[in-house]
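Contents: one structure, followed by commentary.
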Amino acid sequence: MTRATGTYNITTLNEFIIERQADFPYAKGELSRLLHHVGVAAKVVNKKINKAGLVDILGRAGDVNVQGEDVQKLDLFANEHFIAALRSTGECCAIASEEDQEITVFDDGLPLDGKYVFCMDPLDGSSNIDVNVSVGTIFSIYRRRTERGTPADLSDFLQPGTEQVAAGYVIYGSSTMLVYTTGKGVNGFTLDPTIGEFCLSHPDIRTPEHGTIYSINEGNYAHFPAGVKQFIKHCQVVDPDTHRPYTSRYIGSLVSDVHRNLLKGGVFLYPSTQKAPQGKLRLLYECNPIAMIAEQAGGKASDGARRILEIPPEDLHQRVPFYVGSRQMVETVERCLAEAR
Ligand code: AHG
Ligand code: MN
Ligand code: MN
Ligand code: MN
């Protein structure tokens, strides 16, 4: 008789979701189904991105979105596929997307009864698509506030980030990863294309209290708040005892910059600029989900004065200044901003 020798110690995303279901006695599997479908949609988008140079998916779609940005074909492809996947679960009754001015309400049949609403940046870092640099998808899930069985409305989405039941991102990089939290820590899954499964590769991610990386588009220096200029100077002081000067790393895709800093330690800054007086990044589907991930991993996220997760949203596409990453580094940014006021 031959004895099985190999240990098959892979935990797939679906196994993990089911195992962790025990954390939520009230949940009857709806959130699990939703997360499973996020994984399915991520695999579909990933396949397209992996051959973006070969199929007609690069370049502009020819129109401008509510953000005033040239929409890329992949923005639309990702948007359509995430909406289709989420509609099919019947667990989500409406979606807010960077690419759509208004919310998409699923008001026909099953989805009307969905317990959750979904906010997303379907394709983050669009400017990097055509030059083969990592891009991502960012998502945030809330319990709906309106009555189940009725069409969802804006009030379901204008909830503070502290109300998120789950948040995460997909990074389509050298490998494709799904990183998410349901409020009990952060876990990362790497897609194994040979078996088409997201496999647990980064259990219980903790971000270093301090790091030596700062990420900011210094091209906007002239218009940064004085406190941000002060922080940049602080990063550039030559002081071996505090490992300075720090390293400047900026990819221009939020998910990529955040993911690197989450694992290695560091701080990402997108302050107000002349072009973006409220900051460029959107509260609902970029800052809140990333802030929940950062806090769950032991880091911090603020608009320079307020905790991101406590900012009451007033508009689907509201922008805020965004400082996120290693706790001590975000606190240093906040101190520089306070001293400069
Ligand atoms: P999106 O592609 O979803 O519109 O987001 C782009 C964002 C974010 O990914 C990145 O951090 C930031 O734009 C880069 O902005 P700048 O090019 O102004 O630095
Ligand atoms: Mn965009
Ligand atoms: Mn984005
Ligand atoms: Mn986007």
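One is the number of the first residue shown, and numbering goes on along the chain from there.
Just so you know, glycine gets a Cβ as well, placed from its N, Cα and C.
Quick caveat, the model's predicted, so the values are computed rather than measured.
TrEMBL annotates D124, G125, S126, S127, N217, K280 as substrate-binding residues; of Y180, Y246, Y250, the candidate listed for that same site is Y250. According to TrEMBL, the residue from E286, E295, E310, E314 that belongs to the Mg(2+) 2 site alongside D121, D124 is E286. Within E98, E99, E102, the residue that TrEMBL lists together with D121, L123 for binding Mg(2+) 1 is E98. Within the same chain, residues at least 6 positions away in sequence whose Cβ sits under 8 Å from that of Y250 (substrate binding site) are S215, I216, N217, E218, D257.
Classification of D121 (Mg(2+) 1 binding site) by DSSP places it within a strand. Rounded to a whole number, the C-alpha distance linking S126 (substrate binding site) with E286 (Mg(2+) 2 binding site) is 14 angstrom.
For D124 (Mg(2+) 2 binding site), applying a Cβ distance below 8 Å and a minimum sequence separation of six or more within one chain yields V135, G136, T137, I138, Y169, S253, L254, V255, E286. In this structure, D121, D124 are the binding-site residues from D121, D124, S127 whose C-beta falls under 6 Å of some atom of ligand 3.
Taking D124, S126, S127, N217, K280, E286 as the candidate binding-site residues, the subset whose CB lies under 6 angstroms from any atom of ligand 2 consists of S126. Among the binding-site residues D121, G125, S126, Y250, E286, the ones whose Cβ sits under 6 Å from an atom of ligand 1 are, in sequence order, D121, G125, S126.
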